[in-house]
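Here the structure comes first, spelled out in structure tokens, and everything after it is commentary.
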Amino acid sequence: KHDWILLICASFTGVSFFFFAQYTAIDLLGPSLPALFVCLLAPLVITILALIFFKEKLSILKIVGFFIASIGGFLLVTGGDLTTLAPVSPRFIGYVLALITPFLWAIYSTITKKIMKNHSNIKILKYLAYLGTIELFFFVLINNELVIFGLNFLNLILLLCAMYTGILCYILGYYIWQNSQSKLKSSKAASFLYIEPFITLLFSFLLQRSETIVLWNIIGGVIVLVAVLIINYK
């Protein structure tokens, strides 16, 4: 019974609400900034949760790293402009959702790491897929998109996108992530997330996706990256 509660929480934070928040943020901000939020802020949150739930130690150097990361996170989120956090900002909702995603992913990672002590990776992914699909269907109903879903159900491009997301991103990607979580310390596994935002930015340019990234966003991302390297330094 306890594991089922954890599975439901994991499916919500790592599948349904995570996908909703991330893809809405991508639609509002473009792909690169949400990727930066998840891949550079999530390791910090994962490390904090690992300290609490898995008793990983925190040194003076790690504390300094967290302080530096908070500065970088501020620049990453605001781009050096506090007005982006104002409710009247047209990008406000996108920033809020993008900021939520690393916390969702960190919670998901912590929960699944705990569950994997008693269950196999494949078994967990199977149940998360079932629960996540049901939860995502409720998001479709809440947003009144059932008709749109029905009209585009046999759209070839959407089917290919769904197959890519389901097979490569979910089955393969989540399997690799959870497998690394079970074999490494949480903070070490999270360090591999640093590569993703740069790949996302590269594909964004290759696909000629229009989005706004200012210098302070990049500086903030670099500061967070340096801070996380400090946190994981032995």
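Using N, Cα and C of the backbone, Cβ positions are placed for all residues, glycine too.
Sequence annotations record features per position, and here TrEMBL assigns domain 'EamA' to 93-232. The feature transmembrane segment is assigned by TrEMBL to 5-26, 32-53, 60-80, 92-112, 124-142, 154-177, 189-207, 213-233.
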Contact ranking winner - 5-26, 32-53, 213-233 against the transmembrane segment (60-80), Cβ under 8 Å: 213-233
Ranked first among 5-26, 32-53, 92-112, 154-177, 213-233 for CB pairs under 8 angstroms with the transmembrane segment (124-142): 5-26
Of 5-26, 92-112, 154-177, 213-233, whichever stretch has the most CB pairs under 8 A to the transmembrane segment (32-53): 92-112
Within the domain 'EamA' (93-232), residues counted as helix, strand or coil by DSSP: 117 helix, 0 strand, 23 coil
Tertiary contacts of the transmembrane segment (92-112) (same chain, 6+ residues out, Cβ under 8 Å): 6, 9-10, 13-14, 17-18, 21-22, 24-25, 27-29, 33-34, 37-38, 41-42, 44-46, 48-50, 53, 77, 84-86, 124, 177-178, 181, 186, 189-190
For the domain 'EamA' (93-232), the mean pLDDT of the predicted model: 83
